[in-house]
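K.L.:
My questions will all concern the structure given below.
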């Protein structure tokens, strides 16, 4: 008696994608063994991955979005120019960097998908319009920019942020059951950065010297980006803990411990303060016992990691980074007079000053003028209004947890932006905008 298999045949596209990935991996292995340049090692995998993701976007768009979210947090580690240039603080993504390729692919695929879906989607339009306003201000500032190439890249990054928000809002509005997989993808994106940070701290390999302090950066291009990424996910994770079943709660708690470890050893003081403010907001909206836990955790860290105290004491040092920031902001303000309406051009300040502005509000004014500053402030206001609406209209425990966590994340982001640059960082803001899309994704 013969038996007939009931398993469906594997689609031919899967075989092609698998073969392409295997070939790229084999080629990359040969390049690594032969000591080939970084580009020869990274590009085959990046292009093969883009081809596989392109196929996924055409056949299973929601799974494509999930894959993009899981992957993006790791891609700065394979920048063609290296993760961090400590002499000038950050490298500018090249056109062939994996993160740039993924961003362009997502903008194209996401825009096409939205066009096919047609009218409809979530209620509440303030945030999408604010994001589009920021994109318009960035594009306007790019006209006549003093760093045209960098400005073009910045316009593409903001476009990727806009598309992510619109896509997630539409996905959740069409099917609220997609919230859980999206949240899972965001937290899954933290696993590799956390493991990389543990390796860096445990072995000392990969730590970067930033102004005399050895800091972990995980898979991000700068320790500050690792710090704010961890802070935002910790705020959301704490808000979600009471609203998830026992097994996911245990996993979330374990991941939270790893995120806390990575945050501490990023030595990103702005992210430490952002986390504290975000958790205070969560405590006031959900459970004030969180304040006790926050104080206890802070005390344990200060005792167990003496270098944290040393890092905080640097704030009172006249030669410390806070004093340096005030001096640097003064030089940045001198650029405003060149074009106070539309600015010197998106991402141009770094080229003109030799380093980032380290203040998103000032950066918006310098690079995109008064138009860009107003767009930046309008975006923060729209984020706050979205959080308020989500808190008012939450219909389930999970929706309430997301709304509370998102409110805390908005507060954390607004504070962090005072002393750093994050508002156009795709590697961080994509995840915040996923939270925003979930929080505002109620169907009309």
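Each residue, glycine too, has its Cβ placed from N, Cα and C.
Unlike curated entries, TrEMBL annotations are predicted automatically.
Straight from TrEMBL, here's the annotation block:
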TRANSMEM  13-30  transmembrane segment
TRANSMEM  42-75  transmembrane segment
TRANSMEM  95-116  transmembrane segment
TRANSMEM  128-149  transmembrane segment
TRANSMEM  155-172  transmembrane segment
TRANSMEM  181-201  transmembrane segment
TRANSMEM  221-241  transmembrane segment
TRANSMEM  253-284  transmembrane segment
DOMAIN    259-375  domain 'O-antigen ligase-related'
TRANSMEM  290-312  transmembrane segment
TRANSMEM  365-386  transmembrane segment
TRANSMEM  398-416  transmembrane segment
TRANSMEM  422-441  transmembrane segment
K.L.:
Can you tell me which parts of the same chain pack against the transmembrane segment (221-241), counting only residues 6+ beyond its ends and a CB-CB cutoff under 8 A?
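P.N.:
Residues 73, 76, 79, 83-84, 89-91, 183, 186-187, 190, 193-194, 197, 208, 210, 215, 249, 252-253, 255-256, 259-260, 262-263, 266-268, 270-272, 274-275, 278-279, 281-282, 286, 290, 398, 401-402, 404-406, 408-409, 412-413, 416, 420, 422, 425, 427-428, 431-432, 435 contact the transmembrane segment (221-241) from elsewhere in the chain.
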K.L.:
Who are the chain neighbours of the transmembrane segment (95-116) in space, where the CB to CB distance is under 8 Å and they lie at least 6 residues beyond its ends?
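P.N.:
Contacts with the transmembrane segment (95-116): 39, 42-43, 45-47, 49-50, 53-54, 57, 61, 64-65, 68, 71-72, 75-76, 78-81, 153, 156-157, 159-160, 163-164, 166-167, 170, 426-427.
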K.L.:
Using a Cβ-Cβ cut-off of under 8 Å, list the residues of the same chain that are 6+ residues beyond the ends of the transmembrane segment (422-441) and lie near it.
P.N.:
69, 72-73, 75-76, 99, 103, 122-124, 127, 138, 154, 157-158, 160-161, 164-165, 167-169, 171-173, 176, 179, 182-183, 185-186, 189, 220-221, 224-225, 228-229, 232-233, 236, 346, 360, 364, 376, 379, 383, 386-387, 389-390, 399, 402-403, 405-406, 409, 413, 416
K.L.:
I'm a bit unsure how to read this: which one of 42-75, 128-149, 398-416 has the highest number of Cβ pairs shorter than 8 Å with the transmembrane segment (181-201)?
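P.N.:
Between the candidates 42-75, 128-149, 398-416, the best contact partner of the transmembrane segment (181-201) is 42-75.
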K.L.:
For the domain 'O-antigen ligase-related' (259-375), jot down how many residues DSSP puts in helix, in strand and in coil.
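P.N.:
Helix (H, G, I), strand (E, B), coil: 90 helix, 0 strand, 27 coil.
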K.L.:
Mean pLDDT for the domain 'O-antigen ligase-related' (259-375), as a whole number?
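P.N.:
Looking only at the domain 'O-antigen ligase-related' (259-375), pLDDT averages out to 88.
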